[in-house]
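TrEMBL has this to say about the protein:
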{"type": "BINDING", "residues": "8, 383", "note": "Mg(2+) binding site"}
{"type": "BINDING", "residues": "15, 207, 208, 209, 210, 211, 282, 283, 284, 330, 331, 332, 333, 334", "note": "ATP binding site"}
{"type": "BINDING", "residues": "90", "note": "substrate binding site"}
{"type": "ACT_SITE", "residues": "147", "note": "active site, proton donor/acceptor"}
{"type": "SITE", "residues": "179", "note": "site 'Transition state stabilizer'"}
{"type": "SITE", "residues": "240", "note": "site 'Transition state stabilizer'"}
Ligand SMILES: Nc1ncnc2c1ncn2[C@@H]1O[C@H](COP(=O)(O)OP(=O)(O)O)[C@@H](O)[C@H]1O
Ligand SMILES: CC(=O)OP(=O)(O)O
Ligand SMILES: [Mg+2]
């Protein structure tokens, strides 16, 4: 038996799962949250029900990675790094280059480095993880699994913007999307739950966490997705604006004297739920405050829900219908109130949930009302499992 680790760096989190392979049994897992904020939080589960929890600041992803590597030994999860024979890293942007997961070598690292502009909040942090693990585990089989791969062959009709064609040809200006590993996983699970071949289904997968994206999946393939050239586009997120008129950048530049790079940074870090509510990026805080009558929190919630509804409507129209919508990621998995608000008044489109079944979190469940024409499913995502499965696949491909 050997161990494989999946390392998943998000915009403000670092998640990992250590698997015994090939059994796919999880032997340790953890999350480091609020990286870059004043106080961070680390939670690791391991052994038979042991838990390690700690509050401390993590200045950046480098600090979080170091902490993870140290804790693997300190908590006795492994006696030596040699026990971990394979590592899979989540990388958000693979550009036009990486249409599938890749075995990491110097050339791949160089390519990921050159793609940093395509996911400025993610790729640089993920490279830090790749390099740190390479140093600590020099003999491990290491791969990169790209969020964008699932969307790489999206129909051109949806991947291209209505902009001068040569921007696409010369510079690769197109929609790349993100969260593909998650959309791919929940789509496969949805097919199992519905007991139908994935190839026969039209699905709308709602990955709503701190970063959030919605994908239209037709015949098992990404047909359209809400994130764009970078993960800034689409629906309202914790701190990201989602879709805005690009003219705003020049307008705000003129008004404030900020550079376009600073404004894009504001759209990434100071917008979304945080920007509108002027309170918090965290949906739990927004729901609490809205409940207590805070008007800006209520407005942030209304805008958030509205944008999700807008994309559901658009994707039902684009695919000529849908068999199911799927809720996943931090908000989608844990917030019954948000799931209710999103699906309220959608009977016209055939979407209707059973309010009692909806009272749950973090479990796989069909939430549909008996007379719903479009099923509503709750499916906790598992990007890490997809990552270690790709390790096995690439190992076999390399051996052949
Ligand atoms: N019970 C809950 N109700 C509402 N939102 C929640 C709940 N639990 C977690 N969240 C939200 O989930 C988000 C984190 O989701 P996650 O998918 O882990 O994010 P990411 O991978 O983008 O860092 C947080 O911003 C938090 O607001
Ligand atoms: C692409 C993206 O937004 O990722 P995350 O949700 O992990 O920040
Ligand atoms: Mg995530």
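Count begins at 1; order follows the chain as displayed.
Backbone N, Cα and C define each Cβ position, glycine as well.
Annotations in TrEMBL come from automatic prediction, not curation.
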Spatially closest candidate among 90, 147, 240, the listed recorded positions, to residue 208 (ATP binding site) (Cα to Cα) | 240
Here the binding-site residues are 8, 90, 284, 333, and the Cα closest to that of residue 240 (site 'Transition state stabilizer') is found at 284
Secondary structure at residue 331 (ATP binding site), reduced by DSSP to three states | helix
Neighbour-count leader, CB within 10 A, recorded positions: 179, 284 | 179
For residue 240 (site 'Transition state stabilizer'), which DSSP three-state class applies?
-> coil
Could you tell me which three-state DSSP class residue 282 (ATP binding site) falls into?
-> coil
Out of 90, 240, give me whichever of these recorded positions has the highest number of other Cβ atoms within 10 Å.
-> 240
